Structures are given as C-alpha cells and as structure tokens.
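Take a look at the structure set out below.
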Amino acid sequence: MQEPQNKSVRHWLTFATGLVECLCFAGAVFGWASLVFVLKEERYFSSLCVNATGLNGTQTLDCSAQDEQFSLVFTIASFMNNFLTLPNGFLFDRFGTTVARLYGIFLYTMGTLMVGFSSSALAYLLFPALSFLAVGGILFLMTNMQVGNLFGSRRSTIITLYNGAFDSSSALFLVIKLLHESGVSLRAAFLFLSACSVVHVLRTFFLLPRNFIPYPLPDRYTYGVSCGKSVTASAEVAANGDVLPATEGTPLKRDAPVNQEKTFRECLLSRFFMWHLLWLSVMQLRHYLFIGTLNPMLQRLTGGEPLLVSRYTNAFAITQLCGVLCAPWNGLIMDRHKGKPRAEGETEQEADLRATVLSLFLTALQCVLFSLCASTPYLPLQYFTFILQVLNRSFLYGGNAAFISVAFPSCHFGKLYGLVMALSAVFSLLQYPCFALVKGPLGGDPLYVSTVFICIGCMLIQL
C-alpha cells in the first residue's frame, strides 16, 4: 500500500515542480516587450538614434533603427527557439531526458550570464544571449510535456497546462522590469536566474526519468533517483513473476502488433502533418509580429508618452500570466471524450482525433478576432487585444503539442514536434520583412498586414 502512495506523491511532485519550471523560466524570451523597455533605459543600441526634422520643422530623435535592431534580436531568438527544436527533438528521442535537459540547462545558463554581463557597449551580446535563452527554454518545455503520460485520461490537459505555463513565463521579464524600476540592476537579476540552474539540475536527476515516461504507463513504473540508486522502467514484472520487456518512451499496446505504428516518413508525408504545419505557421507568425512590434506600436498610439507606454507594456506582460489559466481549457476540450463509450468500430486514436476538431476551429477563430483588434488604432481596445492574444497563444501551442501526441506514435513525438516547430520557424522569418514594411512604406500602420492575417485566418477556419 505504501508503494502506490509514494508513487502518487512522486507523480504529483514531478507535475508541480515541472509546472513551476515552465511558469518561471521556460518561455521568458517572449516577454521581450518588457525587457526592451529596460534595455532602452540602459541605452542599448542608442547610438542608432539620429536627429531628424519633423513636418513642422522641429528637431526630433528618430530611433527607428534602434527599434529595428531590437526587432532583429527577437526575430533571431524566436527563429532559433523553433528551428533548433528539430535537432533537439532528435537529441531527446535518441539520448533521453537527462542528456536533453543538461544541454538545455547549459544553454539557458549561458544566456542569462551573457545578458547579465552585457552593457550598452556590449549590446551585441543580446543576439546569442536571447537565442540561448530561447533554445534552453524550449528544451525545458519539451522534456516536461511527457509528464502528462503519468496521468492517463488527463494527458492532454497536462500537456496544454505546461504549454500555458510556458506562455505565462514571459511575465518573468515584467518582474525584471519592475525590479529595475525599484533599483535592482539588470546584472543582479540575471545572475540570480543563472544561480537557479542548480534547481534545474537537481530536478533532472531526482524527479525525471533518465530516458522517457512511456504511454500507456506500465505497471510498477518508477523513475528518478530513489534511496541512492536510479530505477528505470526497462522491465515490467508480470503477475507470475516473469519479466516482460518494456521500452521507455514507446506506447505499450499489449493487444496490438508493434508493426501497426507508422514510420517517421509516413507521419511526415501525411496530410495531417502538412495541414497542421500550415495551421501553426500562419498563426505563430502573427503572434511573433505582434510581440516584435508591440513597443513601436504603443509608441505610435500613445504619441511617445513614456508613462503610457510603460503602463500598456505592464498590462501586456501581466496578461501573459493568464496563459497558465487559459491553456487547460483547450486540454479539457480535447479530453472531454475520455471515459465516454466510442462509436462502433472507432479506435481510441480516431476518437482522440475527432476531439481535436473543435480545439483547432476555436484557435483559428481566436486568431481572427485577435488580429482584428490589433489592427484597430484605438488605444484602450489594446487591453482586449492583449487578452485575446494570450488566450489564442495558449490554445495554439497547447493544441499543437497535444495534437501531435494524439495523431502520431509517441516514439516519434520529439522528432515530429521538433520538425513542425523548425519548419514553422522558417516561415516566421517573414516577421522581419513585415516589420520593415510596417515601419517603412506603411508609415507605422499595421492595419494592412493585420488584414492579410485576418483573411488567412478565415481560410484556416474553413479548412
């Protein structure tokens, strides 16, 4: 009786600490708008600001080149965040959780140290630093999503919850902004984040498996370091005492032959993968463009009033905290069929796929509404835009991971998740020319670009 209780406590402790890890660290790079505010006060790239003559002949300071440089830092970091998920997915599938996490912790620590020791004179350290933070953070998320396998029928809810926590962690840079306004230096804040890597290492060895958490979960499955020794699920004990082999990270279907699983190539060439890639790429580009242009957009709508820009930047960052609350709704939508009898002749995977339709539809609809509000040049409306953005972003990434885990064999999850993120990252490189288009020919008005996304979003709803 004691063993099941200990196992349950460990499962919930693994879940809770993973949630804190994703919530406080993993997606910090997407709080870029808050960090930009601090970096501008610290005069990063300030040499790019030049004197210009206004329409009435007055002298103004033109910092569009500085904004473009900050946008380029975020564009590269967000690209690396997604594109390097592909090799990271192969690394995760090939070497397991421990190796993938130690690599991610190393990158994350290097990123925080680089920002900590950067300055206005060493502003170009931001390029590798933000990329390291992004890649290390996505490895935290990738290695934590398998925790959903410990909870059976709540699997999709757990996966979407972790993705929501990943989104909410962008509020970390808001905390750094508020601390900076209270007198805490940028260096001190990032050195503290570096020291937190010790906690990540301890969790890697004590609360996560060396290889993978399989699904469905085998009987007598244990993981992590216990009583001075590491226990893995390399074998499953039958009722008669015989030892049955059980490979970590692959689904155990006792009543089905192993050869029923699709190969990686078959998954890659399936229509599910192609349409899902398009679905993710378009909406992700919309979110990246919004985050990357938020500061100049607020500068335009507020007339450059610093207090108003700061207030709306804080409001945006605070709404990001709600990602962890919004994401489980999508998981509950996808898990709603669990426990219900399936239609005659319908497999469990077919029932899971049918349950994703409503989730995908609602995500595309939210993106259309978000783009519509973002394209409206009315400042108070942007509060509602922020709410729609965090809701849609939570649904987007949580639904992406949950759909891949449902539609394809779990032995290919790391590779397929990495590949879809990598390919969508290539598409997201369009954000920089879009930013240049908004700042240049469109005179800072994002209406036309947003209209394009609204039309594309409507097409995705119909699909």
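Cβ coordinates are placed from backbone N, Cα and C, and glycine is handled just like the others.
Straight from TrEMBL, the features:
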| type | residues | note |
| --- | --- | --- |
| TRANSMEM | 12-38 | transmembrane segment |
| TRANSMEM | 70-92 | transmembrane segment |
| TRANSMEM | 99-117 | transmembrane segment |
| TRANSMEM | 123-145 | transmembrane segment |
| TRANSMEM | 272-291 | transmembrane segment |
| TRANSMEM | 311-334 | transmembrane segment |
| TRANSMEM | 355-377 | transmembrane segment |
| TRANSMEM | 416-438 | transmembrane segment |
| TRANSMEM | 444-461 | transmembrane segment |
Task: Top Cβ-contact partner of the transmembrane segment (12-38) among 70-92, 99-117, 123-145, 272-291, 355-377 (pairs under 8 Å) - done: 123-145
Task: Contact check, the transmembrane segment (123-145) vs the transmembrane segment (70-92), 3+ Cβ pairs under 8 Å, seq sep 6+ - done: yes
Task: Cβ-Cβ under 8 Å with the transmembrane segment (70-92): same-chain residues at least 6 beyond its ends - done: 29-30, 32, 36, 39, 44-45, 99-100, 103-104, 126-127, 130-131, 133-135, 137-139, 142-143, 284, 288, 291-293, 295, 413-419, 421-422, 424-426, 428-429, 431-432, 435
Task: Outside the transmembrane segment (99-117), six or more residues from its ends: residues with CB under 8 Å to it - done: 25, 88, 91-92, 125-126, 128-140, 142-143, 186-191, 193-194, 197, 200-201, 204, 208
